[in-house]
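Undergrad: So TrEMBL lists the following for this protein:
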type: TRANSMEM; residues: 12-30; note: transmembrane segment
type: TRANSMEM; residues: 60-83; note: transmembrane segment
type: TRANSMEM; residues: 90-109; note: transmembrane segment
type: TRANSMEM; residues: 115-133; note: transmembrane segment
type: TRANSMEM; residues: 170-191; note: transmembrane segment
type: TRANSMEM; residues: 197-214; note: transmembrane segment
Amino acid sequence: MEPPILKFVPHLLGFSLSFNAGMINLLSIMQPLHMGVSHVTGTVSHLSLQLVLGGQEVQFYLLTLAFFLLGAFTSGLAVGGGLFEPHKRYGYVLIGESVVILAAHRVFLLDPLAGIYPLSFACGVQNGLFTAYSKVVIRTTHLTGVLTDIGLELGRGVKNREFEWSRIELHLSLLAGFFTGGLLGAVGWVWFELDALLFSSLMTAGMGLAYWGFRRQHFT
């Protein structure tokens, strides 16, 4: 029998991961090229533009994409991605991600552009941890799919006169997490500038340790 707390774990974990991604994305936007790293659509557009104009940042955008891909690949190796399954070792992966974010802080101090690479890797890791829960597609580092799914669920609910509130609530938790993470990231930048990344690293480590404890208590 599954523990009662389990039904709250995806919402809490999803909110926390989205919160972290919102903070990371805000802090990456404050860097010289003002580019978010939590999603790659803008990166691909920048790459297309640089290729046509013969710009000097082609290698930078290619490497940013490659690091995101490598991060997702790492999640696939570590936990398999796909459906959220509470017995998987998400805690260990999150602790590893926290180390990468800490490394990004150090790299930024040496080279503001190169610091984007480990952050992109961290977002790839996080986005690949799990991509579905109870037939709901989950993305914790960007909101395009989240807003689309909220709109679809609301439209379907109006049509059928019956709303899938559990799905809507899950997507709203992701939206709220990303937004509030961005707010805290902005406050962190105003007060601490780049050192705000240290809070993101600490938070990610905390999530990892908390999940490790949860898994140890209920699934070992």
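Easy rule for this one: first residue shown is 1, then count along the chain.
Glycine is treated like the rest: Cβ placed from N, Cα and C.
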Undergrad: Kindly say whether the transmembrane segment (197-214) and the transmembrane segment (60-83) touch, using the definition of 3 or more Cβ pairs under 8 Å where each pair is 6 or more positions apart.
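TA: Counting Cβ pairs under 8 Å (6 or more apart in sequence), the transmembrane segment (197-214) does not reach the transmembrane segment (60-83), since there are fewer than 3.
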Undergrad: Given the cut-off of 8 Å on Cβ pairs that are 6 or more apart in sequence, determine whether the transmembrane segment (60-83) and the transmembrane segment (115-133) share at least 3 such pairs.
TA: yes
Undergrad: With a Cβ cut-off under 8 Å, give me the same-chain residues at least six positions beyond the ends of the transmembrane segment (12-30) that come close to it.
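TA: Those are 36-39, 90, 101, 116, 119, 122-123, 126-127, 129, 133, 138, 140-142, 170, 173-186, 188-189, 193-194, 196-197, 199-200, 203-204, 207, 211, in sequence order.
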